[in-house]
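Per Swiss-Prot, these features apply:
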type	residues	note
BINDING	VAL78, GLU80	Ca(2+) binding site
COMPBIAS	447-457	compositional bias 'Pro residues'
CARBOHYD	ASN59	N-linked glycosylation site
CARBOHYD	ASN109	N-linked glycosylation site
CARBOHYD	ASN176	N-linked glycosylation site
MOD_RES	SER428	phosphoserine
MOD_RES	SER542	phosphoserine
MOD_RES	SER545	phosphoserine
REGION	418-463	region 'Disordered'
REGION	505-526	region 'Disordered'
TOPO_DOM	32-249	topological domain 'Extracellular'
TRANSMEM	250-270	transmembrane segment
TRANSMEM	279-299	transmembrane segment
TRANSMEM	313-333	transmembrane segment
TRANSMEM	605-625	transmembrane segment
Amino acid sequence: MANSGTGAPPPLLLLPLLLLLGTGLLPASSHIETRAHAEERLLKRLFSGYNKWSRPVANISDVVLVRFGLSIAQLIDVDEKNQMMTTNVWVKQEWHDYKLRWDPGDYENVTSIRIPSELIWRPDIVLYNNADGDFAVTHLTKAHLFYDGRVQWTPPAIYKSSCSIDVTFFPFDQQNCTMKFGSWTYDKAKIDLVSMHSRVDQLDFWESGEWVIVDAVGTYNTRKYECCAEIYPDITYAFIIRRLPLFYTINLIIPCLLISCLTVLVFYLPSECGEKVTLCISVLLSLTVFLLLITEIIPSPTSLVIPLIGEYLLFTMIFVTLSIVITVFVLNVHHRSPRTHTMPAWVRRVFLDIVPRLLFMKRPSVVKDNCRRLIESMHKMANAPRFWPEPVGEPGILSDICNQGLSPAPTFCNPTDTAVETQPTCRSPPLEVPDLKTSEVEKASPCPSPGSCPPPKSSSGAPMLIKARSLSVQHVPSSQEAAEDGIRCRSRSIQYCVSQDGAASLADSKPTSSPTSLKARPSQLPVSDQASPCKCTCKEPSPVSPVTVLKAGGTKAPPQHLPLSPALTRAVEGVQYIADHLKAEDTDFSVKEDWKYVAMVIDRIFLWMFIIVCLLGTVGLFLPPWLAAC
């Protein structure tokens, strides 16, 4: 009653089910047990009495052939300073052990098994050029054993192999690093190496961000060392790796080139701006800071070789330093003057004549020519003769001179006088002068207005016109003279007319438009053609020395000087002084301009020199790596 109440199946119903399950699982379990027992039996048979210290050869004179190969997984690092290459590789080894053979039919068709490598004999193949760490494989993985006695063992290893790294063409360098594998104990008579493949297996290679493997070739070598009489074989793998230069080009080479270009621009900057030395020092400071920043980028310095980029940086540093020295020298030349330096003849010849032609430089001369014309004109005006050496009756010459406006009579006024009323204009135009005797002009005649004085008559009683010179002489009367003469004017034009008898005549200016009138020729005295109001009374002039006169018949008397007033003398001396001063300044200015031009030529020379050197340095930096690669 209790069993029926719980609902459990009767034992008789469970028995057939258990029988069915047992009959179905027995074959599989028996097969697994049989194979496990087969491998166990195989291992017991193989390693019973097996000695892993002896070479796996039937005859002592036989040679164990070890097939060797290498598969690279990663190029970890290339240390230029310590001269070593770190790689992650798989060392492939394969040999035959006659003591580890069996018949698969005796062991449930077991053809291969995995066994610990510590239990079997292994060739002692090591990395000869190991730089750091263990020479041999440290991680002993299991070996794959086949029924014919073939053993395959592929342990992983991280090697630090020594490598002679040449960083001359950094960052465009290409290195050749080798890994030499061979038996450390057995010579060629005991163990011989056979290469599995001629190249390194790169199927599982993980690409590096800085290096790329161009080629990796394995070669078989034999060598007799000094320590031993035997010959030892080895397989050497040569890894040809190339650096990827993009990072270094952006962060190292381009800034160096830009700094070099800034150094070249120093010589293109004019010396007048005064910022040449500032630019040089700024470039030098920027280069110094840049060198401090890139010490971690470029390979660490060694005593073996110096990278081209290091030489280029050193060259740029010297470049900038020389530019500072040359700039100081150029500025010194630029600011030289005749008072401090005398320009040698060879400097003038080389830097003002020869070099500018070679550099296709053309010196502008407009300003210098203008200054020279100004000085020459002032000297002509100041140094002209103060007498008339030629006859004045030639109408053509006089007409041309007067038409050109070359005989102005400047107006000088007494500051104490004032002109309240509008006065007639007294000018000194060409006019007709009668023949006067000295006795006829001894007394002054009142002239109520200009031109109102009656023309004097000759000894025969008829007015006579002669050819004579007229000169408007500036005269500034003093207060006493003005009171005595009754003159109230800002200027007074006095005509000295020379008759045929050599006597000087005095007449007020009288405008005329007669075509036959005599035109006055200008002297070197300051004169003016400006009209000035005046109200004057003609007065007998002081005795003057006769000037050049025309004798009867057109002959010319010897030239005689016209006396000048003190004011005119001082004016002429002032003009002479100004002309001499301007001439001296022009000479100084010319010499200064020559020194400035010499400085410009020196700047241009070093500009082209630095451009050429910069281009050659750049080509020398980029070209050799490509030539070496070819």
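For all residues, glycine too, the Cβ spot is worked out from N, Cα and C.
Feature map: Swiss-Prot annotations on the structure.
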residue: ASN59; record: N-linked glycosylation site; Cβ contacts under 8 Å, 6 or more apart: none
residue: VAL78; record: Ca(2+) binding site; Cβ contacts under 8 Å, 6 or more apart: MET85, THR86, CYS163, ILE165, GLN175, CYS177, GLU210, TRP211, ILE241
residue: ASN109; record: N-linked glycosylation site; Cβ contacts under 8 Å, 6 or more apart: none
residue: ASN176; record: N-linked glycosylation site; Cβ contacts under 8 Å, 6 or more apart: ALA238, PHE239, ILE240, ILE241
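Same-chain residues lying 6+ beyond the ends of the transmembrane segment (250-270) with a Cβ under 8 Å from its Cβ atoms: 171, 276, 279-280, 283, 286-287, 290, 294, 297-298, 309, 312-313, 316, 319-320, 323, 326-327, 603-604, 606-607, 610-611, 614, 617-618, 621. A sphere of 10 angstroms centred on the C-beta of GLU80 (Ca(2+) binding site) encloses 21 other C-beta atoms. In three-state terms derived from DSSP, ASN59 (N-linked glycosylation site) belongs to neither a helical nor a strand segment and is classed as coil. A mean pLDDT of 90 is what the model gives for the topological domain 'Extracellular' (32-249).
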